[in-house]
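Colleague: So TrEMBL says this about it:
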TRANSMEM  A:20-43  transmembrane segment
TRANSMEM  A:49-66  transmembrane segment
TRANSMEM  A:102-122  transmembrane segment
TRANSMEM  A:129-149  transmembrane segment
TRANSMEM  A:155-173  transmembrane segment
TRANSMEM  A:193-216  transmembrane segment
Amino acid sequence: MRETAELIRKEFLLEIRQRYAINGILLYVFSTIFVVQLCFGRVIDEKTWIALFWVILLFAAFNAVSKSFIQEASARRLYYFMIASPLSVVVSKMVYNSLLMLVLGALSLGLFTVFMGFPGLYAGLFAPAFLLGCIGLASALTMVSAIASRSGNNAALMAILGFPVVLPLLLLLVKASQRALTGTVEFAELLRLLSAIALIDLVVVLLAVILFPYLWRD
Amino acid sequence: MEGSDKFFVVVIVMSIIFTGLGTYLFLIDRKLSRIEKKLKEFRGSKNNDK
Amino acid sequence: MIRNMWWKVLGLLLVLYSIIAGLLIDVPALPVIHQTIRNLFYHVSMWFAMFVMLGTSFIFSIRYLSGFRMKDDLMASGAVYTGIFFGLMGLMTGMVWAKFTWGDFWTNDPQLNGAAVSMMAYLAYTVLRGSIDEVAMRARISAVYNIFAFMLLVIFLGVLPRLADSSLHPGKGGNTSTMEGLDMTMRMVFYPAALGWVLIAFWLLQLHTRRRALIQGIH
């Protein structure tokens, strides 16, 4: 537990010291949203807003998370391998990436609102879906990044391995967001959508915890 | 189906093609078995030499 | 000989039976699809074979991680290749069927999306295998991805269609007509057809792994 907290702290320190990485992602998010604004103008219908928002967030997630294992040089990986258990490594990475995704997501949401306006989304459904979605995307991509980092050409692999894995989650998120458009949502419907998203999150986290030790060792 | 449209001919043709494919699969299977056996014998003779 | 071959013969006979009976039986008159309902025997069987192959691959990947025997890795990867073959057959036959009944090669249907994502995931699996040179590492990493991807696919195919508003495929969403239309005579053809193709898929898997084992044996 303390090991995990220590590793999370290390991630934060690294991020702050190498500010170019996070700045790059922020700039990426800003540029894409700006391009969208230039292309579509302010008037887009609400379904397009939701689709664009999630697509941009998905690519931001790929950019942000893909470096989480790939940046670790093999010497450094060996060092972690000696001092930390695989469980705390993967948990710390997932927690850190989830937090990063939440910040990125909130930021994209803000930028989207500034540039494109905000559709009347029912917060009772959208907010938890957004929260669970960011966590799920970050965790799934953390795992994919760990897999891709063990192969030769990891940058290209990250994308092709990642898409099929995050697609179920992405489709659910878009569906939930679209449902949130209609204003009030029935409680049963809300529960059904959120529990489906939570189920995916849970499966991803469990699988990552179980499978990561096999990736970690040499 | 009514018998007047000679539909059964199509059924026979498809059956022949599929049976042919199946036979081909069997032949491959047999060949593989033979090679597997040879490899085993080859290894056996190699071990006997030592 | 006979002891090892019986299931292969059974598979062939079942599929042969489904070709003959599937074309000759009377099918219930249905709107839109009409006579093409007979495709059920052939097209859907492809998906059955694919899923059984991918499931087999999943099980062998778990077995590989619990024992690190190269034989399990050979089976797991072979099952993926065989599964991809049947998946592509299912995709192609499904597209033709869709064009002549629903009017488009591709419709935005949860079942179709699921199939496409499965194919993407397993093609990615083959790319992953290709990009790792060391044999033991390749087996281990691809087994991890296989398990990860398969579990998410199960969710994708099991949970999402239930949440969908409508589907053109039977038994999901608002459309249940076709399954109800699946009367006894059709069942008598469909189940043997699916079983037959599954057996043939296992046969192809066996041929594939035997060939690979031979190649490794020679080297």
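Backbone N, Cα and C define each Cβ position, glycine as well.
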Colleague: Return yes if the transmembrane segment (A:193-216) and the transmembrane segment (A:129-149) have at least 3 CB pairs under 8 Å (sequence gap of 6 or more), otherwise no.
Modeller: yes
Colleague: With pairs fewer than 6 apart in sequence excluded, do the transmembrane segment (A:20-43) and the transmembrane segment (A:129-149) have three or more C-beta pairs that lie under 8 Å?
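Modeller: These two stretches do not touch.
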Colleague: Go through the chain and flag residues at least 6 beyond the ends of the transmembrane segment (A:155-173) whose CB is under 8 A from any CB in it; none is fine as an answer.
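Modeller: Contacts of the transmembrane segment (A:155-173) (Cβ under 8 Å, skipping residues fewer than 6 from its ends): 54, 58, 61-62, 66, 70, 129-130, 133, 136-137, 140-141, 143-145, 147-148, 193, 196-197, 200.
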